[in-house]
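Here is what TrEMBL records for this protein:
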- A:H37: active site, proton donor (ACT_SITE)
- A:30-37, A:147-150, A:V176, A:184-187: ATP binding site (BINDING)
- A:Q61: beta-alanine binding site (BINDING)
- A:Q61, A:Q153: (R)-pantoate binding site (BINDING)
Number of protein chains: 2
Amino acid sequence: MNVYTTKTDMRNRISSLIREGKSIGFVPTMGFLHEGHLSLVEHARKENEIVVMSIFVNPAQFGPTEDFDTYPRDFERDAKMAETAGVDIIFHPSAEEMYPFDGGIQIIAGNQSKALCGASRPGHFDGVLKVIAKLFHIVSPSRAYFGMKDAQQLAIVETFVRDYDFPVEIRRVPIVREGDGVAKSSRNVRLTDLERQEAPIIYQALSKGMEEYLTTQDVQKTIHVVAAKIEENSSGKIDYVSLLDYPSLQPANEDTEQVLLATAVYFEKVRLIDNIIMSTKKG
Amino acid sequence: MNVYTTKTDMRNRISSLIREGKSIGFVPTMGFLHEGHLSLVEHARKENEIVVMSIFVNPAQFGPTEDFDTYPRDFERDAKMAETAGVDIIFHPSAEEMYPFDGGIQIIAGNQSKALCGASRPGHFDGVLKVIAKLFHIVSPSRAYFGMKDAQQLAIVETFVRDYDFPVEIRRVPIVREGDGVAKSSRNVRLTDLERQEAPIIYQALSKGMEEYLTTQDVQKTIHVVAAKIEENSSGKIDYVSLLDYPSLQPANEDTEQVLLATAVYFEKVRLIDNIIMSTKKG
């Protein structure tokens, strides 16, 4: 496995791979890898000759009051896990390497960014799109792998790739969960022991909510069921519970084929997100 | 020469060329070709195995009161000129082909876009960056060729490529002029006979202004010299005369190595632009 820390070294290697006609599967991450990331790698390995992983905690997607400084980092551990999982190349630049200039040109996410996490994280998805554009240009992947846990990010990245004609195929990878149903996340390590015991209620509540929706088609009642179950059974505070058309992230309507039921819950030191995406087509 | 009108056909051909390891020189145009464009093709031919030209009048870069509908178009003539000049592939999509979706994600040009033409054309450079991003993704060029006549466009595209790590080299090509000094432009055909006789004053005024600046370093006096010479000797109305650091497009200062002296002049049915870029380094 090779590790590159400069854009020039990474790009030179990519140019060679392109000349050799290799397919490149790309797994962008912020590091502190868990089985969710390894699942992305596994999918990428199956479909590509070369797997590139980026490990970069992207300052552009953190707000001024968010957890950029305390976001967990452990490159040595990540590199071992990535190598074991079959990653061929890690791209691990510094913030200075990624953002040496600012000529003031911005990418602004649209209405999709105003729902769900975007409502409480202004500018977050602008920063995501900025780094994704740069990474796609540096890595020139054939396919890029995104987890469905960040359903809003996935929907926005798919829209970006479609509307700006990036020559890359976006592949959706299902959420990986712990045995008790908690969605894998780098941030889970910052739950207290008690919070960790409470956390399975999130997925249980979403499952109950989806059952409610598929039975009643009642959006408000569904949201109430999910929020009440989480608040009554944990110390978590609801940031949002939303049920939306996927991937437009607009209110579900009679043409909706897939619904996203998503929540974000604040615990003492960490905010967790989870979701279920379900087909609403009549069989 | 091949002509492709769909992104899929164009992209399939580009994928073959990439597999064959061919270098691709790209000349983006809005058609109605003149010798300025052919000069771009000539530079592209010298440095690349394949030359791709796009011919697309991009609605996204025209304001609601601008000349999108009346912008001159003649694809048959363009195709013949391009083939004679050595273009291998023309990409000639419709507006519907280029913009079938709008998920609302925008690219917004920065302070560079607020000077010069940008001041009177809000959103123009946002539209330029949108189509350039799409075309670069579809064509995957090794090098792309831009005329120095659109000096502001060139400066903004160079900033975009640098800040977003597009894997393409931007090549600057000098302005091509008629025998009497008028800069070649697709819009020149819309000058009246009298206006066409007056038009050489623009470059004469810029040349006199640059002489003034190199002698006196007096920005205000330089601008006055240029504006007065044009207004006293033609029916044209000045949109702007500006002297700025190039390529930052900010006011020139002691660190400035290149200055741009640029003007835009309104005639009855058309607005012409011209400029001179000059090194200010002491020899």
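Cβ coordinates are placed from backbone N, Cα and C, and glycine is handled just like the others.
Location within the structure of each feature annotated in TrEMBL.
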residue : record                    : DSSP (3 states)
A:M30   : ATP binding site          : coil
A:G36   : ATP binding site          : helix
A:Q61   : beta-alanine binding site : helix
A:M148  : ATP binding site          : coil
A:Q153  : (R)-pantoate binding site : helix
A:V176  : ATP binding site          : coil
A:S186  : ATP binding site          : helix
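The Cβ of the residue listed as 'beta-alanine binding site' has 21 other Cβ atoms within 10 Å, all protein chains considered. Taking only the Cα positions, the spacing between A:V176 (ATP binding site) and A:H37 (active site, proton donor) is 9 angstrom.
Within its own chain, A:M30 (ATP binding site) has A:I55, A:F56, A:V57, A:N58, A:Y71, A:S186 as residues 6 or more apart in sequence whose C-beta sits under 8 angstroms from its own. Straight-line distance linking the Cα atoms of A:Q153 ((R)-pantoate binding site) and the residue listed as 'beta-alanine binding site', rounded to a whole number, equals 11 Å. For A:H37 (active site, proton donor), the same-chain residues lying six or more positions away in sequence with a CB closer than 8 A to its CB are A:V27, A:T29, A:M53, A:G147. Spacing of A:L33 (ATP binding site) relative to A:Q61 (beta-alanine binding site) is 18 Å (Cα to Cα, whole number).
You'll find the Cα of A:Q61 (beta-alanine binding site) roughly 20 Å from the Cα of A:G36 (ATP binding site). Cβ crowding, taken as the number of other Cβ atoms within 10 Å, peaks at A:Q153 among the binding-site residues A:Q153, A:S186.
Most Cβ neighbours within 10 Å, among the binding-site residues A:L33, A:G36: A:L33 holds that distinction in the structure as shown.
Around the Cβ of A:M148 (ATP binding site), the same chain contributes A:L154, A:R172, A:V173, A:P174, A:I175, A:N275, A:I277, each under 8 angstroms and 6 or more positions distant in sequence.
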